[in-house]
């Protein structure tokens with residue numbers, strides 16, 4: 001400029017600024033994004049604004065939304081401005097194949113491609129749909145389906161000395177696992193399956209629609225099985241504790257009667273299975289779909305076209321992470337060694353003692 005020449009701005013800079021100006025003119029629309037991610041190395045889904053030491057899935061997502069031009073930068077700092085809501089708050093290390101988030105964005109060209117360009121490969125946006133202006137993915141969700149992948153040696157009886165790689169579950173044991181899992185169906189008081197909820201807290205009552213264990217399969221010489229559970233909503237650690245208690249019964253550490261007892265008012269020591277194998281599979285919007293899914297303006301929140309992409313993502317990122325981490329860190333094997341420390345009888349014994357004293 002000193003020589004009387006103006007600096008020539010690079011064409012790419014000009015193009016980017018033009019694109020940004022165009023983006024600013026776009027109206028904001030309420031959408032949902034279908035997300036899949038491997039949760040290893042993350043402190044769960046939900047962002048903790050102001051706490052950068054614990055990285056979450058939403059940290060990476062919000063950064064990608066800002067960088068792609070879907071949302072202004074200040075919306076990334078205050079997520080309420082874009083009406084952001086996640087369907088399920090997955091815990092530390094938990095993965096998802098069908099998480100849904102709702103938010104207001106500018107509908108830029110090739111929006112999915114641009115967001116994914118700014119995301120790591122183990123987090124993908126697989127689909128997008130327009131929804132009603134008042135839609136909230138957490139409140140409108142009527143059920144959630146989770147899966148839990150575990151090595152079947154977890155079901156071997158404690159008195160049997162098993163080699164983990166050689167163990168194969170028999171039909172009788174698998175049938176018993178499914179009989180116990182089926183006990184969870186219906187509405188029960190799950191105050192013993194989470195922390196900070198008392199036995200009389202109405203929110204501890206939860207409705208379970210389905211829970212079962214599928215056929216076992218072998219990966220990397222180890223036999224695995226997948227437990228699937230569908231429920232209205234779940235509390236923190238609830239699914240891991242539901243599975244932990246069934247394992248304790250099948251292995252012979254606790255009597256079957258403990259399940260019935262755990263729904264009563266007394267405090268029961270319920271062990272929590274490792275977080276590694278837990279995956280949010282699918283979220284269900286049956287009521288919303290009935291009302292708005294065929295109104296001519298909105299699509300039902302179902303994702304048949306994306307199912308293949310979901311399956312590929314699971315095979316590529318979720319299952320290998322679970323299998324390799326299990327082999328390297330032995331999270332299930334180490335956790336099984338802690339089961340003898342739990343006291344599965346104390347509260348029942350205390351009750352008998354109290355009854356005798358009262359007589």
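In case you wondered, yes, glycine gets a Cβ from its N, Cα and C as well.
Looking at 1-23, 24-46, the stretch flagged in TrEMBL as region 'Disordered' turns out to be 1-23. Cα separation, residue 91 (active site, nucleophile) to residue 146 (substrate binding site), rounded: 12 Å. The residues of the domain 'Pseudouridine synthase I TruA alpha/beta' (184-286), classed with DSSP into helix (H, G, I), strand (E, B) and coil, number 26 helix, 33 strand, 44 coil.
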